[in-house]
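> One structure, as structure tokens, below. Some questions next.
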Amino acid sequence: MPLLSCSQTFRLPPLHETFSVFPDNGLNPNYNACRAQSRAWISKYNVQVCGPKMRAFMDNCNFELSNAYVYPYAQPAGLRATMDLANILWLYDEYTDMQTGEDAAKAAVTVSKTLLNPEYDDDTWICHMMRDFYVNHIQKCRPNVAHRFIENFCRYTEVVGTEAKLREKNEVLDIPGYVALRREISAVRTCFDLVEYCLDLDFPDYVHKDPIFVIGYNAAMDLVFWANDLFSYNSEQAKGHAAANVVTVIMTSKKMNLQSTVDFIAGFCEALTFQLLDAKRALSLHEDPTFSRDAVRCLEAFGDWVRGNDAWSFATTRYFGPENKIVKETRIVKLKAPVEESVALKE
């Protein structure tokens, strides 16, 4: 188990300073119109799953705003797709957090059957939601992007079942094992697939297998989930779900206290940032414009994701509640008592 800290607070690192090396491209101007459309769409499904308190909580989190931060360049159709995906992921995550490993595995089967065969219908809300998303967006993607998205989304739902089983056992993985798992359960791969869609790119497999591109891709993906784990740690430890969080993993593996772990994460995020920048520079020297132009543009867009994700985390109440702006200014997080201010799915 992780070492306990006598302190009831911890100080967040200034990740916004680390991520300031990525340009600030502002908010997507299509935000308001796409947000209204996406919220109306997801409401058809969350009303079947969530109680009124949870729906109000999810509305206040404003997940759609995150997409305006991380896809500042997207045209309306692309931005709407990213918002719908974000709403799917948050709803699916909240739903499976309350499921056993067996039930989460059943949900994954429904997702896979639906995405691989849109004619499939088991009359569940998950099936109908995923079929809608496929028809509205994925069938409009170019072929390589569509194939990768389906593969990555199905993999995500399969691994969520693994996470649920670990949660049942309260098992804490080692650092390499957790990083490998988190790259899949974070669903960032599916979000990066939509980066290609929004940029009207359709990379062949050899780009995604290129060692330098992989380094940049993985660095960006890890930056997103390390930051998310850091920001969500307080809520997760209060709900008893912190075993599947990089903070707990490092505390346990390295026998560090909480603040030392947070500082370690800050240093690691700096190293990952340099990896992403170095990969972009290396690809810019490539003779093939698929790499020197298109792959570089994609990594630049991943930088939007990293910086925008950090900015949204303090613009929303998702992680820090109504104190989000105070936490942004002071960087001080007060540890919640168990289940304090936790909203159950059916409430």
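Each residue, glycine too, has its Cβ placed from N, Cα and C.
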> To which of the residue ranges 23-27, 93-97, 288-292, 328-332 does Swiss-Prot assign the term motif 'DDXXD motif'?
93-97
> Where does TYR319 ((2E,6E)-farnesyl diphosphate binding site) sit in DSSP terms: helix, strand, or coil?
coil
> Which residues, in sequence order, are found in the same chain with Cβ within 8 Å of the centroid defined by the Cβ atoms of ASN228, SER232, GLU236 at the Mg(2+) 3 site, excluding those residues themselves?
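Here the nearby residues are ASP229, LEU230, PHE231, TYR233, SER235, ASN245, TYR319.
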> DSSP says what for the motif 'DDXXD motif' (93-97): how many helix, strand, coil residues?
5 helix, 0 strand, 0 coil
> Would you list, in sequence order, the binding-site residues among ASP93, ARG318, TYR319 whose CA lies within 10 Å of the CA of ASN228 (Mg(2+) 3 binding site)?
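Among ASP93, ARG318, TYR319, the ones whose Cα sits within 10 Å of that of ASN228 (Mg(2+) 3 binding site) are TYR319.
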> Looking at the binding-site residues listed here (ASP93, ARG318, TYR319), whose Cα lies nearest to that of GLU236 (Mg(2+) 3 binding site)?
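Nearest by Cα distance to GLU236 (Mg(2+) 3 binding site): TYR319.
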